[in-house]
Structure formats: C-alpha cells, structure tokens
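K.L.:
According to TrEMBL, the protein has these features:
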type	residues	note
ACT_SITE	Asp376	active site, proton acceptor
ACT_SITE	Tyr461	active site, schiff-base intermediate with substrate
DOMAIN	161-258	domain 'Copper amine oxidase N3-terminal'
MOD_RES	Tyr461	2',4',5'-topaquinone
Amino acid sequence: MNMKTMLVLLLLALATIFALVCVLLTRARAPGACQQQPSAQEEADDGHSRVFADLTPEELAQVVQYLRGSLGVPLADAARAKPSDNCIASVDVQLPAKAEVLRFLDAGGARPPREALAVLYFGAQAEPNVTEYVVGPLPAPTYHRDVTVQKYGGKVPYHRRAVTGAEYAAINELIQKELRKAPRFLAACCASDGTDLATITTAPRGLKSGDRTTWFVLFHGIAGSGYFVLPVGLEVLVEHGPLDVSQWYLCQVFYNGRYFPSIAELENAFVTKSLKVVVVQKPQEDTVLGSMRPLHPPGAPGPLQFEPQGPRYSVRDNRVTYQGWSIAFGMNPNTGPRLFDIRFRGERIIYELSLQEALALYGSNCPGGMSTRYLDGSFGIGRFAYELVRGVDCPYLATYVDRHYLSESDVPITNQNSLCIFEHDTSLPLRRHFSDAHSLYYGGLRKNTLVIRAVSTLINYDYVWDFMFYSNGAVEVRVHATGYISSSFLHDQGTNYGNKVGPHTLGTMHLHHIHYKVDLDIDGQLNSLESHDMGYQTMRVPWSPENALQQPYLRRERLERENEAAFPLNASLPRYLSFTGPKPNRWGHLRSYRVQVVSFPGEHLPTSSPMEKAISWGRYKLAVTRRKEEEPTSTSVYNQNDPWTPTVTFADFINDETIANEDLVAWISVGFLHVPHAEDIPNTVTVGNGVGFFLRPYNYFDEDPSLYSPDGIYFSSEQGVGACGANSLACLPAATCAPRLSPFQYGGFVNISLGPPLGGL
C-alpha cells in the first residue's frame, strides 16, 4: 500500500469519526422535545392544595347517585325536565370554612371533609322552590343537609331559578308555532317562513318580582356566521311563568317601532296595508355581514413562543408552581375562574382571588335591548369556558387543562383543554439600566410572567380571563372582551343608542362591568387599610428665605371603618391604597400590598332603579369589608331573574364595621363603556378593550425580590458578555432544544348541542 492510498484511507476514517461525533452531539443537544424542568416546589407538594380542588367526574356522579337514592322524591334529568318536575340543577364543590382550611394548611390540623353543594329545583311540590344541599363526605356520601335557609334566610322562590335549556327549547317551539300565523308578513319582510330565524333571550324576565316574561329578539340565522348582527325587526314577549307549559303564550309583538297584542294582529296589519314593512333580504353565506371568514389566504406563520429547555413551571393536579409562586386553581361553573392559597417565596399573600360577576347593560329603542341587564354568572361563566384554540387563544405550547362540571344534566360534562397555563415573555424589560456615568455596565431582567387563562363564550361575547404572576411579587388580573356585539333593528331615532353598523343594524351601546373578590392575607390574616397620596405645601427656601417653593409631600392615612373604604365607581381612589400587615420590613415600614385599579367604566345604574340593589356591587370601584363566612360572594345566580327582590344585596355588606387589624376582603369593580362602531364588525377586538387591576408589593420586601430571578442579566465593560455565568442569553445556542409540535387538533365542538340559544349577552 503506497503512501497516497494510506493518506486517502486515513482521511476517510477521520471524516467518518467526525460525522459520528456530530450525530452524537446533535442527539445529545436535541432530545426531540423540550423537557419540563424539575421544581423544588413540585417535589415538596404534599397534596394540600386538593382542599380547594374542583369536583372530579367521579365525585359528581357519586353526588347524583346519592341524591337520587336519598331524597325520597322522583328526580327528572334536568336536560329534559319540565318546570313542573324535580331535578338536580347543578353540583359544585362546597369549600370548607377558611378557619378550618388554615388549621389544616398551617397548623397540622385534620383535613376538612370533602363536600359538594347541590342545587335542586323542586317544581313538583305544593310550594315549588329552589333548595341547596351540602352533600358529603366525598367520594362516598352518607349525609346531606339543607343550607338554603342558613344562606338566604328562607327558601328561594321558584321564579328566581335560571332558565334551563329544556325551557328555552319549549319557548322556541312556542315561538315557531306562533310565527306560522304570519306567513305573508314573514315572506315580505324577511324572505322567510320563520323556521330559519334565530332568537336571542333578554334578561331580566319582566318588570317586577314574580314575573317570568321574556323578550326574544329574532335574527336571520346564517350557518357559519354570527347572526347577532342580523336583526329582522321582529321581537316577541313570552309569558313562561306557569308550571304547565301549555299555558305559555305570547304577550306582545314588536315590529319596526310598533307593538301588537299577537302575531295574528301583526299579520292582519300587514294584509290590510296598515303596517310599514322594511324589506330585509336574507343574506348569502359568502357576503353575510359579520362573517369571520378571512379575506386573505394564509401566509407564512408568525413567531412561535417556546421554552429553550422546557417549561419552567410545574402543574400537578390543581396546583401550579413557578419561580417562587404557588397557586391553587379551579373553575366555578357559574362565576368562572377562582384561585386560592396564592403564595410567593413560601408566604401566603392571597387566600382567595375569584371572579364574582360580569354585567352587560344595554340601551336601545327596541324592547329587547332597552330592558337587557345580563348577569352572566346566572348563565354560566365557567360552564361556557370551552376548549381553547392552540396558537390563538393561548400559545401553541401552553399547558392545557380539562375542566369538569355538572349543570342541567345528570351526567358530568368535560370541557377539555378549557384552561391554559403558560409562561409569557412580554418582550419588555421588567427593569433595566445602562450606566454611562462613573462606570460602564448593564443590568436588566426580562418581564416574564406566568399566565393562567380561560375564555368564556357567553353566546355572542367572549371574555378572556387572565391571572398573571411576576417575578417581583406582583399579581395582575385582566379581562378582555371580544366576540360579536349584540344589536337592535335600526328604526326611528335609533342612533341615540349607538351607531349604524349594517344596512338595518344598530350596534347598541352597553357597558361591561366585572366584579372580583380578593381576600388578601398580608403577613397573616389580620390586616389594615392605609392610603398614601400627595399634596403640596408652600415653604420658604431654607437657603434663600425671601423665596418660596411649592413642595410635594406624602399624606398618610389609616382607614378605620368600612364606610371610609367604599369608593364610588367613578371617584378617584387614593393613588396608593394598601393592605398592611402587623410587622415592619427591615426599614421600619409595615409590610404591605398595594391595590392598583386600571379601568374606565361606564355609569352605574341609578340607585332609583328598582333593580339596582341586585347589582349594588357596581356602585363601588373598590370596597373593603371584614371577611365573613356568611358573605362568600357579592351576588347570586338568583339575582338575574328577580333583581327587584335580590337574593344577595352587596350594599348590605358595608355597615361601617371596623376594618383595623381584621381579616379583610377587597371587592373590585372594573369595566368600560362600549359604543359599537363599524370596526366592531365582524368582532370586537381586544385592543383597548382590556381592564383589570394589580396587586403590588409595597414595602413588603426589603428589596426587589426579582433580584433572585434566574433571568437576571449583568455585565460590565471589563468582562466578556458571552459568559454563561453572567448572561443566560449567551447560553441559548447550547441550551436550545427544538420543540416538537403536536399536530393541530380541536375537539371543542364535540359536546355542543345546537339547540335554541341560552342567552344573547
């Protein structure tokens, strides 16, 4: 073998070895999927957060089985129950008393028994009513106790119950039967025989306590598009109070500014040419107003957010941990997202953070719009939080969690992937400084946040609920509104109540007001409320007494009683309003958390309104009260259908009790006025339609706790910027793994039945 041949073989061997090394290195650096990072908090999890957990499908089924065998009365399936039947309306977890939970979490006490709250409609009794039972212990119930009188001071009148899907179906059948009495009118006005018209409910149902009459607004129903912006001008008032469905009837009919006692009278007015008809052609699917079909073909995909070394948060059961944060999460079928036992760096800051209610109050010159005050909790904010769409509703690689509920059914229902959890890079520094004086250096920290999100679709509106947790110990709560506007038929002076957004469509003005409960525990349960604000004082210049200057100074005040801490909705809050604990930080200031509200609400319903008490929480931007077990929520699902005699009146919570060194709750209202405009077609956008509040540390720490974040960056002119020990960004090429994207899938249509709508919000 000559020298030339040996050199060729040697080069081939070296090339082979180099190729094998490259393959091995590539495999080592790219495991194929980004693995979740281990968490010390996860390893220390002892299951204590389960005390707050939503009921499992198995537990829900056990409660139904127990009630069917223990109440001694026949129970119809709520999915098909008539008003004259008994049925199980809903089942949810019954949370233990706070004192009992804290004994378990903090003092080694016994785990509280796991219980459920069951709501039953008793229509087959001499005095029909709504009754609530606590059922336990789970998972094998052996007892139930009636808590209705204890909670509400008496039985809940039957007319206050929510309208069920079966009731809506019966109403829709009645409307369709009546529409057949006006064939010539429908053909002329709407190019319809009535069967292709869609209806939307209004609420409340009537004008006084005991009523159960509802206006239904009719629209052109076009498959694959939002019919909410296609009114035909026809609205009907249905009496559906009697337990016997055969006794239901249409009380009144409204069309194009005129009222009629019946559909037959409307048809007669058309036939005798005494009715002015506005012809509304049936829209075509490809040109329909409000279609969400894109007008541009898909382009190149946008940026994709992923974790270079896998998720840095951990989700186990109902608990998520992230960079010092620990949060127990859940979903109330009525009121939506709820968080408990929120801790930062091992210390509990918030015992409960929960959504309470969402109000949408409309104006119009049509009866449906002018009478509408939707309380979305009665429809089901959590129940209608459907599956989230990857890459749009949440980042593609977020963690998706199923939620289970039992409402209007004897069988538990799962909304899969209906809550998402992800770490979000806001592309903004949390803090930074570039020094060009004395010495050259740079220090900074990315503003990353852990996000817990759900989206509720309440017929036409979609609410995006966000709860965000930052590395400086701050919490942000935010809601965005999107989806379709609700609308009225444009006639006469309709633009006094909104803007024209289609040939016959009035986008009706309305306000969105949202209410939250925040049970802060700052350095323990006993807290006080302090305000810090500014003033100016005129003073002589010490080094030049003949001159004066106006100097800002800090005004400090402790608020002693509930009435002092009830701030009207559109009044200014003190610029710094803080929950203070009993102990000082290193610098002698009481450890505190500041409440900062970011909101631009409309005007609250005047207190002279006979239904205002039902939404009296809306009087206040912020109200701080003493925490009481008998005041768990600011409203009730029963307030919607009887706002004139509300089951829960929040204003009664404020009775001038002392709030110094007590267990306190902050009740926060946020919202905005929405005057629909052309750009709300097809949908309202989230840009500019987001409101919320912050909970920020204020002397709670001795310094900014984000100094302990692993994302901090610091380098100077005297050191290389490429050192991994000082700059984690320098390590990205070696640390990055390629995310393995699962195929896009969506199952959110699986459990949806296309019956009559449960309400147009």
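Keep in mind that glycine also has a Cβ here, set from the backbone N, Cα and C atoms.
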K.L.:
Round to the nearest Å and give the CA-to-CA distance linking the residue listed as 'active site, proton acceptor' with the residue listed as 'active site, schiff-base intermediate with substrate'.
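P.N.:
Checking the Cα atoms of the residue listed as 'active site, proton acceptor' and the residue listed as 'active site, schiff-base intermediate with substrate' gives a distance of 10 Å.
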K.L.:
Mind giving me a neighbour count for Tyr461 (active site, schiff-base intermediate with substrate)? Other Cβ atoms within 10 Å of its Cβ, every protein chain shown.
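P.N.:
That number is 25.
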K.L.:
Could you pull the average pLDDT for the domain 'Copper amine oxidase N3-terminal' (161-258)?
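P.N.:
Mean model confidence (pLDDT) across the domain 'Copper amine oxidase N3-terminal' (161-258) is 97.
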K.L.:
Hey, what's the Cβ neighbour count for Asp376 (active site, proton acceptor) at 10 Å?
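P.N.:
Total other Cβ atoms inside 10 Å, all chains included: 27.
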